[in-house]
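Undergrad: After the structure tokens below, expect a handful of questions from me.
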Amino acid sequence: MGAIAGEELKKMEKTQVHVAREEKILVLVRLRPLNEKEILANEAADWECINDTTVLYRNTLREGSTFPSAYSFDRVYRGECPTRQVYEDGPKEVALSVVKGINSSIFAYGQTSSGKTYTMSGITEFAVADIFDYIFKHEDRAFVVKFSAIEIYNEAIRDLLSPDSTPLRLRDDPEKGAAVEKATEETLRDWNHLKELISVCEAQRKIGETSLNERSSRSHQIIKLTVESSAREFLGKENSTTLMASVNFIDLAGSERASQALSAGARLKEGCHINRSLLTLGTVIRKLSNGRQGHINYRDSKLTRILQPCLGGNARTAIVCTLSPARSHVEQTRNTLLFACCAKEVTTKAQINVVMSDKALVKQLQRELARLESELRNPAPATSSCDCGVTLRKKDLQIQKMEKQLAEMTKQRDIAQSRLEDFMKMVEHDASSKAGTPHFRNRTNKWEDGSVSEISGVVDPDRTSFISDGTSTPLSTARAHVRSHSDDDLEEEMSPRHSGDQSEEYCKEVQCIEMEESTRDINNDSEERTDAETLLGHNAEANGETGSAQHRIPSSVRSVRRRKSWSRGDTMTGTSTPPDALETDYRGRPEGHGFAFPDLEFGSGGKLLRNDSMTSRGSDSTEAHSIGTPLVGEEGGITSIRSFVEGLKEMVSDPENSGKMRKDIGVDAMEEEVSGTMTNWSEEFERQREQILGLWQTCHVSLVHRTYFFLLFTGDQADSIYIGVELRRLSFMKESFSQGNHAFERGQTLTIASSLKALHRERRMLSKLVGKRFTGEERKRLYQKFGIAVNSKRRRLQLANQLWSKPNDITHAVESAAVVAKLVRFVEQGRAMKEMFGLSFTPPLPTTRRSLNWRKSMATLF
């Protein structure tokens with residue numbers, strides 16, 4: 001017998017992982033027969049058991065259709081069914097789990113006078129008898145059974161084994177949960193000792209008489225049996241484990257109505273406390289049945305605090321709901337059935353509680369102590385020398401690494417010095433060229449001669465975008481305004497019919513043209529065109545003279561970038577440094593008056609001079625080549641952008657014109673300068689990217705913007721202009737935020753608080769897309785990769801908060817970019833996003849009716 005029991009225990013310990021599985025609470029319903037009072041009162045029985053799992057309400061006409069008439073559970077018992085059968089069908093297996101090291105609980109729930117105490121007394125007696133029978137049959141293990149009993153009376157905990165009625169305190173134990181302090185715990189000697197203790201508990205428990213029950217329980221009673229088992233002989237570490245678990249027999253007080261129980265005084269107070277604790281228990285059960293959503297208020301009642309491990313924790317649980325079939329108790333019976341319906345949806349996860357025996361622990365500690373003593377007595381010199389050699393090699397590697405870093409820093413210092421010298425020369429050149437520049441004569445929207453401005457490259461500082469809180473964040477974009485009125489057209493617009501309207505500016509976003517890689521590529525492929533950063537406007541003169549366009553070179557000569565455009569739809573907007581505070585925040589300008597610009601001054605050869613102009617501040621002073629294609633349209637003098645581009649392509653395809661143009665704008669000299677400084681571009685790119693990652697985190701930049709930028713610009717020399725512009729933009733934002741200033745985004749004030757709020761809103765949006773873009777297995781792998789517990793709450797929001805949270809970790813940046821790219825479907829958009837990155841992807845600003853009509857009239861010119 002003992003050998004068989006030992007083998008069974010070994011199998012049980014090996015299958016411990018399988019035992020620790022989720023299972024639902026076992027719910028049994030017992031319908032008692034009518035008692036003598038109900039029979040004398042001619043009460044009708046409205047409830048009956050139609051089979052072993054269903055309870056039916058027969059009087060459906062009285063209640064209507066608001067409630068179901070049938071309820072199904074694990075087992076249902078009629079009034080004539082004995083308690084032994086109720087115990088054998090379900091609670092027996094749950095109770096005997098305690099001898100296998102699994103916690104278990106059995107409790108009765110129902111209204112007053114429904115038979116809870118009667119049922120629990122029988123179940124407790126049968127369960128304890130089976131536990132002792134199991135102990136007597138398994139002599140190869142030593143069992144220790146401890147008994148304790150408490151009651152909760154008016155929210156005060158009393159020890160039923162102690163004559164002292166002093167309330168006991170609850171304390172939180174990290175392993176056992178809520179534990180009662182100083183509760184008496186008796187070690188059982190035999191079966192007779194247990195019966196004596198149960199008799200003491202029945203005598204100590206609070207019992208009162210009401211109109212519904214002569215012996216009504218006025219408190220919740222909890223009887224706890226703790227079973228600890230271990231092998232009688234030390235047969236090795238694997239056979240020396242100790243199992244310890246507990247089983248709780250809980251007899252709850254019944255819910256009652258004061259109007260039916262006719263209670264008053266002390267009985268009324270007792271009923272209030274009973275109903276309040278049962279209400280808290282029902283709330284906890286209902287929340288657990290809904291998948292543990294929201295906060296579960298275990299601490300609202302001492303009953304729920306003690307039962308917390310039994311409700312959805314490390315325990316197997318069985319609930320016996322007792323019902324009264326009388327018609328006068330229909331509402332109370334229905335509430336009990338609703339509680340049972342919620343309870344059967346609650347899941348628990350019980351596991352075997354294994355405790356290492358003291359003998360095995362002592363043996364292990366003795367071996368560890370002997371090993372440490374031997375190491376102290378016999379030190380190994382060879383190992384020490386080996387350790388010294390390893391340490392020296394590590395130091396040498398560190399020295400080599402530091403030498404490489406020193407060489408890299410020296411190289412960066414030399415590059416910075418050379419750039420500083422070039423910048424100083426550039427400043428001197430700008431200062432010397434300011435002598436021939438005209439000044440502003442009148443700050444109005446017209447030139448001095450009354451004609452409308454011919455320049456279309458004027459930057460509106462209020463429309464300069466710094467950070468976008470949408471799904472895509474473009475670079476700083478300056479929108480060019482085209483004013484295309486002559487004096488006659490202006491007078492026509494200011495007719496009496498429009499006298500009350502304010503004059504409007506007609507805007508058009510124009511494409512930006514950049515420099516080609518070389519003149520030879522232009523001659524070989526007629527489809528390629530040069531892109532300048534900003535396309536200037538048209539000539540507003542009525543005689544149709546040839547207009548001129550101005551090409552603006554970026555501010556840093558070393559960041560010049562030449563690209564090839566393979567389609568006419570690939571457009572880029574010019575990037576610019578943020579406007580000065582004097583331009584954006586100047587309060588002395590009257591409302592309605594914008595910037596006024598000086599007369600255009602042309603040099604020899606029809607070249608437009610831009611030295612010391614408002615749009616060239618901080619950039620190189622360059623000259624734009626005059627294009628021989630007429631830019632003035634036939635109707636109203638409106639420039640045709642398409643005809644301008646066609647003329648530009650024809651001009652560039654001419655070797656003589658292209659050479660002249662390259663000579664005028666200084667491309668040959670710039671190529672030599674750029675080729676010398678871009679040799680170490682890969683190292684410079686890594687350094688600048690690290691700075692950008694840090695500035696993104698500091699300025700709370702949009703995650704989608706970070707992902708687009710990180711994936712599009714991967715270190716190509718052609719990406720240098722984007723890297724430089726982004727770095728300058730972020731540096732400006734950081735400086736503004738650190739000084740307490742603000743930036744502007746489409747006419748709105750942007751602060752660090754608003755950026756942080758937009759970032760939080762974006763993270764919540766991305767968390768909602770996790771379930772749509774990733775499968776269950778993919779989400780589980782992502783949670784493990786980002787260090788999120790699989791069983792934790794709000795895992796998707798945790799994942800969104802982890803994205804782009806480590807600016808100094810490039811591996812984390814790569815993983816974050818991959819996740820965000822899939823969430824926003826960046827991969828499906830293709831590489832065309834790189835050509836469009838400088839454009840604003842947000843909806844355009846609303847246009848007025850007159851501006852819309854002007855745009856419709858422009859359609860014929862394109």
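The backbone N, Cα and C atoms fix where each Cβ goes, glycine too.
As annotated in Swiss-Prot:
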type	residues	note
BINDING	G110, Q111, T112, S113, S114, G115, K116, T117	ATP binding site
COILED	355-428	coiled coil
COMPBIAS	465-476	compositional bias 'Polar residues'
COMPBIAS	494-505	compositional bias 'Basic and acidic residues'
COMPBIAS	612-621	compositional bias 'Polar residues'
CROSSLNK	K734	ubiquitin cross-link
DOMAIN	24-346	domain 'Kinesin motor'
REGION	463-505	region 'Disordered'
REGION	542-632	region 'Disordered'
Undergrad: Of S113, T117, the binding-site residues given in the record, which has the fewest other CB atoms within 10 A of its CB?
TA: T117
Undergrad: Quick one: mean pLDDT on the coiled coil (355-428)?
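TA: Mean pLDDT for the coiled coil (355-428): 82.
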Undergrad: Around the ATP site formed by G110, Q111, T112, S113, S114, G115, K116, T117, which additional residues qualify by having Cβ within 8 Å of the site's Cβ center?
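TA: Not counting the recorded site residues, we get A108, N213, G254, T322, S324.
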Undergrad: Within a 10 Å radius of its Cβ, which of these binding-site residues (T112, S114) has the fewest neighbouring Cβ atoms?
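TA: Output over binding-site residues T112, S114: least Cβ neighbours within 10 Å is T112.
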Undergrad: Helix, strand or coil at G110 (ATP binding site), per DSSP?
TA: strand
Undergrad: Provide the number of Cβ atoms within 10 Å of the Cβ of Q111 (ATP binding site), excluding the reference atom itself.
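TA: A 10 Å sphere around the Cβ of Q111 (ATP binding site) contains 25 other Cβ atoms.
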Undergrad: Counting Cβ neighbours within 10 Å across all chains shown, tell me which of the recorded positions K116, K734 comes out on top.
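TA: Ranked by Cβ atoms within 10 Å, first place goes to K116.
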Undergrad: Mind checking which of G110, G115 has the fewest other CB atoms within 10 A of its CB? They're the binding-site residues.
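TA: Among the binding-site residues G110, G115, the lowest count of other Cβ atoms within 10 Å belongs to G115.
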Undergrad: Quick one: Cα separation, G110 (ATP binding site) versus K734 (ubiquitin cross-link), in Å?
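TA: About 66 Å separates the two Cα atoms.
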Undergrad: Would you identify the secondary structure of G115 (ATP binding site) according to DSSP, in three states?
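TA: Reduced to three states, the DSSP call for G115 (ATP binding site) is coil.
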Undergrad: To the nearest whole angstrom, what is the C-alpha distance linking Q111 (ATP binding site) and K734 (ubiquitin cross-link)?
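TA: The Cα atom of Q111 (ATP binding site) is 67 Å away from the Cα atom of K734 (ubiquitin cross-link).
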Undergrad: Fill in the CA-CA distance, T117 (ATP binding site) to K734 (ubiquitin cross-link), as an integer in Å.
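TA: Counting only the Cα atoms, the answer is 72 Å.
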Undergrad: In Å, rounded, how far does the Cα of G115 (ATP binding site) sit from the Cα of K734 (ubiquitin cross-link)?
TA: 73
